[in-house]
Every structure is written in structure tokens, then in C-alpha cells.
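Undergrad: Here you go, one structure.
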Amino acid sequence: DVSFSLSGSSSTSYSKFIGALRKALPSNGTVYNITLLLSSASGASRYTLMKLSNYDGKAITVAIDVTNVYIMGYLVNSTSYFFNESDAKLASQYVFAGSTIVTLPYSGNYEKLQTAAGKIREKIPLGFPALDSAITTLFHYDSTAAAAAFLVIIQTTAESSRFKYIEGQIIMRISKNGVPSLATISLENEWSALSKQIQLAQTNNGTFKTPVVIMDAGGQRVEIGNVGSKVVTKNIQLLLN
């Protein structure tokens, strides 16, 4: 289990936390030196916990599915909150034992969360101040702000663990929030496709069977077609199996 506290935090403590989160995910080996996540896991071994504390020291404990870094739910004191989906319902049988379970009115995917938040990710600022607010919102479970809070937490933890570029984007926003770059959104959307193509490239001389189009930092469309790309060699840290 891993933890991150905003109180006394720095770029170093955040990077250490993201590194610890990556290491907390069991691996099926590597593909082109990138960690390949497990294709499945059963029982309690399918989950790892992540404790997040705001500047005030208030903490939530988040349950993560180790096969895909998806957030299932979280615990505050003796109450747990889980997304309204079958995977999260299953998780509730193995984590936060003895807690009172509240089922949230939405599932944990971006589309559903954006609909509930009434905002797309492109419009929701990220950064340490945003993370502080998000933890506070979930700690008190403010239902009107919870969906947007999840969008902040997912990107600041899971997405940062998947992509070094996103980790760097959060670090740039330590003192001041900023909306995510187009490249950030694009990498988030294409993680599954990139994971698949990098694995297929093993038997295809390093070439993708189907190129993946992403936006670069300057907002230009870039076609990624092989494992020599910087996205593969320098950026992606985890592969969905």
C-alpha cells in the first residue's frame, strides 16, 4: 500500500509516491522494458490501497484494481464509497471490510464522471491545490462536487503512474492549478490502444499493426507507429494486458 500527503509535499515526494504506486502493481514481466500489468488477479490480491491526505491532514484511502489501475472506491473512517459498476461491487467484498458501503450514483469511467460533473476533463484544472480540494470533497462526501473530484484524483494518481509526461504535468502545477494539456487528455484516451500495439509489435519487428494517433505537447496530431517512438521509450510506464 502507498501513501501521499500534501502537507510538506514537493516534486520529490510526489515522484516518490508515483514510483511507489507503479511498484505496488504486480507485473507480468516487461515488454520493451515497460511493465506489463497482470491480465487478471483474484480475491484480495486484485487490489492495492492508496492513502491520500490533504494539506489539513484529512485522509481518504482509495482502492485500486492492480490489473488496470482503475479506482474502485474509497474509505473515510468507517464509510466506504464505491462506483456503481460490477468491478467495484466485487471489490467491495474484499476491501474496507466492516465499513458501511455507499454506492455512488455513477460508474468510474471518464464519460460517466464527466456527465455527472457537468464538465469535460479539458475544463477541470489539475494541480496540488486541485488535489487538496478533491480529497476534501471526498472526505466530506460533497455529492455535488464528487464526480469532478474523482476526475482530479484519477489523473493525479493512476494516469501519472501510466505516463511520465502526465506525472511531469502535475509537477508543473504544484503551486498553481492549470487545465490538462491536450497531450495529457490524448494519452489518457489512448493508453489501452498504445498498450495493445506495443504488445503486438513484439511479433511484428517493433512495428504497430495499427498506428495510434495522439496529440503532442504543441497540440499537433502525431502518428505513433513503432516502438522507437519517444512515447514508448520515454513516456509510457505501464501496459494494460
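Just so it is clear, glycine is given a Cβ too, placed from its N, Cα and C backbone atoms.
So Swiss-Prot lists the following for this protein:
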- Asn28: N-linked glycosylation site (CARBOHYD)
- Asn33: N-linked glycosylation site (CARBOHYD)
- Asn77: N-linked glycosylation site (CARBOHYD)
- Asn84: N-linked glycosylation site (CARBOHYD)
- Glu159: active site (ACT_SITE)
- Asn205: N-linked glycosylation site (CARBOHYD)
Undergrad: Write down the Cα-Cα distance for Asn77 (N-linked glycosylation site) and Asn84 (N-linked glycosylation site), rounded and given in Å.
TA: 21
Undergrad: Excluding near sequence neighbours, so keeping only residues 6 or more apart in the same chain, what lies with its CB under 8 A of Glu159 (active site)?
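TA: Spatial neighbours, sequence-distant, of Glu159 (active site): Ile166, Thr184, Leu187, Glu188, Trp191.
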Undergrad: Return the residues near Asn33 (N-linked glycosylation site) by Cβ distance under 8 Å, restricted to its own chain and a separation of at least 6 in sequence.
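TA: Listed in sequence order, there are none.
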Undergrad: Among all chains shown, work out which of the glycosylation sites Asn77, Asn205 has the most CB atoms within 10 A of its CB.
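TA: Max Cβ neighbours within 10 Å, all protein chains included: Asn77.
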Undergrad: What does the structure give for the C-alpha distance between Asn77 (N-linked glycosylation site) and Asn28 (N-linked glycosylation site)? Integer Å is fine.
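TA: Asn77 (N-linked glycosylation site) to Asn28 (N-linked glycosylation site), Cα-Cα distance: 34 Å.
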Undergrad: Three states by DSSP: which one describes Asn77 (N-linked glycosylation site)?
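TA: DSSP call for Asn77 (N-linked glycosylation site): coil, neither helix nor strand.
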Undergrad: Take the C-alpha atoms of Asn28 (N-linked glycosylation site) and Asn205 (N-linked glycosylation site) and report the distance between them in angstrom, rounded.
TA: 21
Undergrad: Let me know the DSSP-derived helix, strand or coil state of Asn84 (N-linked glycosylation site), please.
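TA: In the DSSP reduction, Asn84 (N-linked glycosylation site) maps to coil.
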Undergrad: Determine, from DSSP, whether Glu159 (active site) sits in helix, strand or coil.
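TA: The three-state answer is helix.
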Undergrad: Should Asn28 (N-linked glycosylation site) be counted as helix, strand, or coil on the basis of DSSP?
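TA: Note: Asn28 (N-linked glycosylation site) is in a strand by DSSP.
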